[in-house]
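Chemist: Grabbed the feature section from TrEMBL, which reads as follows:
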- 272, 365, 598: substrate binding site (BINDING)
- 289, 291, 515: Mg(2+) binding site (BINDING)
- 289, 453, 511-520, 522, 544-547, 573, 600, 606: ATP binding site (BINDING)
- 193-209: compositional bias 'Basic and acidic residues' (COMPBIAS)
- 349-450: domain 'Glutathione synthase substrate-binding' (DOMAIN)
- 179-209: region 'Disordered' (REGION)
């Protein structure tokens, strides 16, 4: 991630630096608070199932423009619906991935297709659960009208707190999404729709209000990409390209098989859309990715808000707490899983978490399990690896998934997105067993494929969005969050993108059809990577404009790090969680479900929390017309 002396800096929530004695005391308290409240993970370098380290965190919350946060919240139900529609369009998925499929090794493909052909007698109700995260980064350099004035002009209470404002917006959009599915057409729903259109108008027409001029740190966001799988930590080691291709093609053939045999498919998506801001386009947020599998951090992010509020209070800034929006991400996602369990309608059935052989991010996982058990004590949660599912699992007479004598209603994948999770054919057999069962998958194969980078690149085209979104204002709003995305297929457009990347590699990031972090190629390393690929191989990658977000300054606290910590330049990525449930024709639940913020060193390309380059954080909402907040 590059920055220079001209990169705008967002105003801090409090004045820094802190006095050293005060910094030492409050940092020690924050570390203990994190451990005692579960904002922790197991060490990779000194692993023990009996010990934890606090997860890296930013001491005080990082500033984020209120207007852009609220815009991201408003857009999430639209993103949910978009991904739901994409996942249920087999023709689009197949056509979009046609060139990418050619790269994948034939042995895995043949085996998978053989399994499909020989097991063509199964029929089941196919309901899938997808957990996504929408990631955004801020883009600076945008003189703009006051977002506070915009809110007051719309009749909103200028003095209301951030959580209430966002709750009203999210409630209006979420209700509109559910109302559309139900088709009630009540007066209340008409008012909600009208309110939603006002919010969308702000999101789409505000750039027309902007004047040209000097860059500003108070900016709007752009979505960087969409992930439908592996939205967790990026610490899993990259596997070979051959294994990557096998993973992709086996999943593709599963989906083709299932869609032919199971014409009516319900799906449940728990999503996270991630965004960063971009300084080069006048304050436009860009989407980083959308996650539909293992959308992590909801548990720890929920705990981090009270932790950072505690720190601000200890520093004498309790008057600023209202600028930190409430975060109910854990409840939002877990309630989504329970809604899926309700749809399955078997009171004795369980929810199954698919986990890695060794779980480092244990607290985030256990928060989900314990929330369900405490809030819904009649629902049992099991944790199993793919290997254990192969050993214990089988299909019943009605194609229900059985682990021993226990029937599984919902499968929540916290593993299975990384090639290294499949040690042998046994793990693939376990995945196939689950895919062909009645259990509701989170995610199902069709959600998995909908989240590939190739699909994201296709969706960045306005004509493609029109296939999945009917409302012109929604199309404009979603289109504005995409950054430049380019195909590298062996055709005229792909060859032009290839030459463009060789000429100006510093403008781009090269992305494979992989999730989980650590797989991208940046800047000057791109030419060598491309030259090592054949024309066919490069079709499995996409080229994306590099995002240049504004800076924040703060203290990043890590296990074993410097004490006192030093002030560093940082950039942030906002994640918005969403839940969507329905089939190809109807959506029955669609809502925004909380948020998270990951912050990394401004010099880092990848922001893995476990790798020491990134840290967990929360947004502190600011307005461009705020008076001096650093008192």
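Just so it is clear, glycine is given a Cβ too, placed from its N, Cα and C backbone atoms.
I'm curious about the neighbourhood of these features; can you describe it?
Modeler: If you draw a 10 Å sphere around the CB of residue 289 (Mg(2+) binding site), it holds 29 other CB atoms from the protein chains shown.
Residue 600 (ATP binding site) counts 26 other C-beta atoms within 10 Å of its own C-beta, drawing on all protein chains shown.
Residues of the domain 'Glutathione synthase substrate-binding' (349-450) grouped by DSSP class, helix first, strand second and coil last, total 41 helix, 26 strand, 35 coil.
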Chemist: For residue 365 (substrate binding site), which of the binding-site residues 291, 522, 546 has the nearest Cα in space?
Modeler: 291
Chemist: Rank the binding-site residues 272, 598 by the number of other Cβ atoms within 10 Å of each Cβ and report the first-ranked residue.
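Modeler: When each Cβ's neighbours within 10 Å are tallied, 272 tops the list.
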Chemist: Using C-alpha positions only, work out which of the binding-site residues 289, 291, 598 is nearest to residue 522 (ATP binding site).
Modeler: 289
Chemist: Mean pLDDT across the domain 'Glutathione synthase substrate-binding' (349-450), rounded to an integer, is what?
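Modeler: For the domain 'Glutathione synthase substrate-binding' (349-450), the model's average pLDDT rounds to 93.
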Chemist: Would you say which of the binding-site residues 291, 365 has the most Cβ atoms within 10 Å of its own Cβ?
Modeler: 291
Chemist: Of 272, 512, 598, 600, which binding-site residues are close to residue 291 (Mg(2+) binding site), meaning a Cα within 10 Å of its Cα?
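Modeler: Within 10 Å of residue 291 (Mg(2+) binding site): 272.
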Chemist: Can you tell me how many other Cβ atoms are located within 10 Å of the Cβ belonging to residue 512 (ATP binding site)?
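Modeler: The Cβ of residue 512 (ATP binding site) has 21 Cβ neighbours within 10 Å.
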Chemist: CB neighbours of residue 522 (ATP binding site) within 10 A?
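Modeler: Taking every protein chain into account, the count is 17.
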Chemist: What Cα-Cα separation, expressed in whole Å, is found between residue 289 (Mg(2+) binding site) and residue 546 (ATP binding site)?
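Modeler: Here the two Cα atoms lie 13 Å apart.
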